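Undergrad: Mind having a look at this structure? Questions to follow.
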Amino acid sequence: MKQTSDFEDKNGQPSTKDVATFDARIEYIKNSFVNTEDLLMLPVSYNSRKGFVIYIATISDSEKIQESILFPLIKFGELNAADIPYTAETQDKITLQESVKALLKGNAVVIFNGLDEIFSFNTMKEISRNLKEPDSEKTVRGSHVGFVENLSTNIGLIRKGIESRHLKINYHQIGEYTNTQIALVYIEGICNPALVKRLEERIQTLSIDMTFSPGYLEELLEDQPFSPFPHLLYTERPDRAIAQLMEGRIILLSEGSSDALALPVSFFSFFQTSDDYNTRIITGSFFRFLRVVCFLLSLLLPSLYIAVIGFHFEIIPKEILVLVKSSVENIPFPPLIEAMVMAFTIELIREAGIRLPTPIGQTIGIVGGLIIGDAIVSAGLVSNIMVIVIALTAISSFTVASYEMSNTVRILTFPIMLSAATFGFAGIIFSLMFIVGHLCKLESLGTPYFTPIAPFNLQGMKDAIIRFPIWLLKDRPRELHVKNKKRLNQPRRWEKNEK
Amino acid sequence: MRNIIKRFIVLTTIPFLLSGCWDQRLLKEQKLILLIGYDKGHNGKIISNTDYPISKGVQNNSASTTKSTILTTEGETALDTLLHADLNISEKIDISKAQVVLFGEEMARQGLYKELDHIYRNPKGALGAKVAIIEGKARDAVRIKQEEANLNGQYYDEYLKSGEATGFFTNYNVQSVCPLLLKHTKDPLLPLLKISPERHRARSIGMALFNNEKMTGKLNVSESKMFLLLNGEKKQKVSFLLNTNNQDSQKEFIVIEILNNRQKTKLSVKNEAVTSILSSKLQYRITEYPKDQLTNPILLKKLNKTIQKRLTKKAEKTIAKLQAANCDGFGIEEEIRVHHHQLWKEKYKNADIKNIPIKAKLDLELINSGIIN
Amino acid sequence: MKNKVQITKLQMITFLIQTQIGVAFLSLPYEIHQIAKGDSWISLLLTGLFMEILVLFYLILCSRFPNQDLFQILHSMFGNAIGKGITFLYMGYFLFTGATILVLFVHILKRWMLPYTPAWVILFLMASVGIYIAIDNLKVIARFYFIATFALLVFLFITPVAFKDENIHYILPIGQSGLMNILKGASNVTLAWQGIEFILLISPFVLASGREKFKAATLANIFITFFYSFLTFVCLIYFNNEVMKLLPQPVLYLLKSFSFKIIERPDLFIISLWIILVGTSFISYLYGASLAGTFLIKRWPRKAWVYLSAFTCFVFALFFNGENEIEKVTKTATYSGYIFFMAIPVFLLLLSFLFKKRSKGEVNAEHY
């Protein structure tokens, strides 16, 4: 009786007679897990008390259970809350309800008949792989470490990079069934607190049964899900995540995913890579510039070609006019169809190759690229200049540093091609006006997306289209309204000293 | 609500895209006319000769072969002849990429503007096309069987371009000649070519002189060069062959190349009568002097004097020819209008260039004689 | 939680530039050349000077009512009924000007680029772009205008190519057409500056002091004046008097006669860029008309007014785009311009001096 009342007092929960007794507790746990068969119960007896070590076999490490529970039980005489032998893994006294959650995390729970404390031991099985370079974001220089699918490892990687007590991590659980843990990482004192508040409000009001990937989070959290442009920056690289944190952005990590989400980001974040800062200033700037140019190129090249061939061939220089003319002379289709067929083929090759094992993927690339390309020209279905145009477009779309952005570009090409085939240059301009207008409208967590161009920000331009020297990037991005605006005070002070 | 609006917009846009392409003109469905030649026909009609490439298809990835095809049509106006041409061609004709427009001499004597009007009027008109006059019939020029370029249009384009570079011709194109055809204060000079059919070549024989839009005379090649010098053309490197002996019978030739040219047009007014002086400071080098070595400074000085005399003579002859043709290529009237506006209004508006005395003053300076003395 | 929409000084400059430079400037050299001949560029400088005085008047008026836009000023000066009446007239004026822009736009585009495409298709495209952008708040519009300004710079960078074939004699001697013609020309091209009245509309939203606003507006005006004079100057030294008479859109013709190695006909690109400039002007007038609309009937959201205004302009432009009507429409637009961007604001300023009316520190009406 006494035990029951204690139980009541501690938790303030309605007590039922069923839960009060030892058997009832065991039954409760069993029922909570709908009698799943990987819930194991090791009967132990200790000091003549009967008890159970309960754990879910599939997510608990049996070695850890032996080491931290079974051995001490045999070794020591008394199992008091205070006397429980401390192993490296933590252990807690928890309530019955909490024990269910603990079990789900991979903990082992120990219940004894006649003791109202329930002990929980961290015996989680580390389901993780080694750190290796992410395939989607390779760099030439710099760190070659990537995030893994384990949340605590990932946070650890960030903590290693920012050894500061200001680094703050807020945990949230999302998914009524999956209970996925996500971590909101930011630096207190740099990050704009209003942003954090806004994001946390959004996260807390999410009500969904599951999330298993950041893609879910992205769609649930972003302002305009129908926009073709990505609002959140995915990265698998800790160094990139750290750089984003230091600029005052928030990083979202979730258990089971090796992607970190940075937000809020602007359009030009998608053109930055870690390599930019690891190469020399001029080359770094050149590569950045190249990427922006490639973005425009892949957006506009096919439609420009269509417009020129179909509407304004006056523009072709006289030196190559005859060449172009003879190339398109015997093509049966209008240029739009031609371009659509080719662009569609490229998309096919990409989509077919992307999920296949690497050797087969390469074969697909060769078959698709070389054989189809060659055959389609010699069959006279598509002009060879169109093949060049579409191939250039595809390659330059892959130059864009972010996978999401390069997909965006290729999707946007189609409507522009359509309007170019209907109105020529005027059509291209009208669709560009829509796109730029859309970019001006976009806001991610209240920060304008197309900055530093619109709204214009000279400081921001230093790291947008070209990369200025590191010692000139003195301020953090202004659109984030960070608390600590200055990034550097006196870099290269030695110059003064040496004079 | 927002999505409904968006969907509405998308749905209303799709019909446009499906029904569209009003202005489409596919490159593959056009016959591109690269060269047009206009000749005078009977009863004031115009005969046009057009040259367009047809390709012989692509064979096994090798570059396709193209060849010139020529069509001759007759009509009342320039555009009319082209409309007639359209009746004869399997695809649509298109003159937006014309590279050269040629005029037969007879045609040119009647005036050029009429024939060029449709190019000016057309938003797609080829304003960058070059204009040249053919001594004889433009028909022969278009039908030339030359071997230097793939297409006749390209041939003339390159031909005129190199002619400009070496300093035979002024570089007028359809657009830049337009103000001169219309305006009364300056007149154009256009390249003059002659076709020798047996040798399958065109030959530049100087420039055609115009009074407003009508051709009135000719300059030969060396006079054309002289005109360019007096007109202050700077880009062109002009060469002259001169006889340095004072007697014309003896031949002691020298070839000089003009390197720098600083030209000024001066007007002196006396008693309301304008005299114009074209003064040029020329720096030249000797590129050939077969007779002798040039080691003696006194000899050089003498040589310089002779060259100056010869060139001045040539200049005077050129000016006389221009005046005879009433062709104000130097823009003397324009100078008068600018500097003596009142006088121009009273006296010199549309004045004949014949009545304005023009003097040439050349100053020559030897820079070097090549890498040997 | 509603934060007030505000724009920066730079955005104010680009807003004014983009609003004023629109459809008219392609034919501006032609229009003014008919009167002032070779001295047209001087005329334009004079007009710019005159407009600067107007800018000064505007900003004095704004500084007397720092937190109010034009319609609120009208309201506080004349009371509800008359204020709303004049606001209604302004709405009509904005709609009419927007429609004029569309009419001229279609006219020129059909002449130069898309001769066979039906007018209603072009109009529909323009109207839908206008709606798409004008429907958002001033901040977004200002951002868009900033980017559009790059299109303007292309004009400034390409036209100097004409200097290689220039003939300075065409404009000499300076002053040949006489002072009277220069002045007459100057007074005839005010249509090109139309849009300057938007200073009164956006001034309360600009994040700057009165003095800075004046500087910004002046900068915009200087830019526009020099832009116009420069283009006209280039056209004048490239074409002579006789040719100028033949070219209703000399700027485009000028570009058409250039040719570069890679792009043989730059005019086609330039016309495409010009579409953006027209678009921005049109968006401004949609914005102005919808702002007036919300002031008239507060219950309707601005969005609805944007749709309505765009539809009105679309229908108007659809029915009045014949050659003869264009001339009438342009004339009417010029004359209505005299009333709405010169007479009424100056009159307002005088009245506010006369009755010593000032802003009572009212807070801005909410914006969307």
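Counting begins at 1 with the first residue displayed.
Each residue, glycine too, has its Cβ placed from N, Cα and C.
Here the structure is a predicted model, which means the values were calculated and not measured.
According to TrEMBL, the feature transmembrane segment maps to C:12-30, C:42-65, C:86-109, C:115-135, C:142-163, C:189-207, C:219-239, C:268-297, C:304-321, C:333-355.
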Undergrad: Please indicate, using numbers and ranges, the residues of the same chain that are 6 or more beyond the transmembrane segment (C:304-321) and have a C-beta under 8 Å from a C-beta there.
TA: 94-96, 98-99, 102-103, 106-107, 119-120, 123-124, 127-128, 130-131, 134-135, 282, 285-287, 289-291, 293-294, 329
Undergrad: List, by number or range, the same-chain residues at least 6 past the transmembrane segment (C:142-163) whose CB is under 8 A from its CB atoms?
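TA: For the transmembrane segment (C:142-163), the nonlocal Cβ contacts are 7-8, 10-12, 14-15, 17-19, 21, 133, 227, 230-231, 234-235, 237-238, 251, 254-255, 258, 266, 270, 273-274, 276-277, 279-280, 283.
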Undergrad: Could you tell me whether the transmembrane segment (C:333-355) and the transmembrane segment (C:42-65) are in contact, taking contact to mean 3+ Cβ pairs under 8 Å with a sequence separation of 6 or more?
TA: yes
Undergrad: Before we move on, state whether the transmembrane segment (C:86-109) and the transmembrane segment (C:268-297) share at least 3 Cβ pairs under 8 Å, counting only pairs 6 or more apart in sequence.
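TA: Answer yes, regions in contact.
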Undergrad: Given a Cβ distance threshold of under 8 angstroms, which distant residues of the chain, six or more beyond its ends, lie next to the transmembrane segment (C:115-135)?
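TA: Distant Cβ neighbours of the transmembrane segment (C:115-135) are 102, 105-106, 109, 141, 144, 275, 278-279, 282-283, 286-287, 290, 302-303, 306-307, 310-311, 313-314, 317-318, 321.
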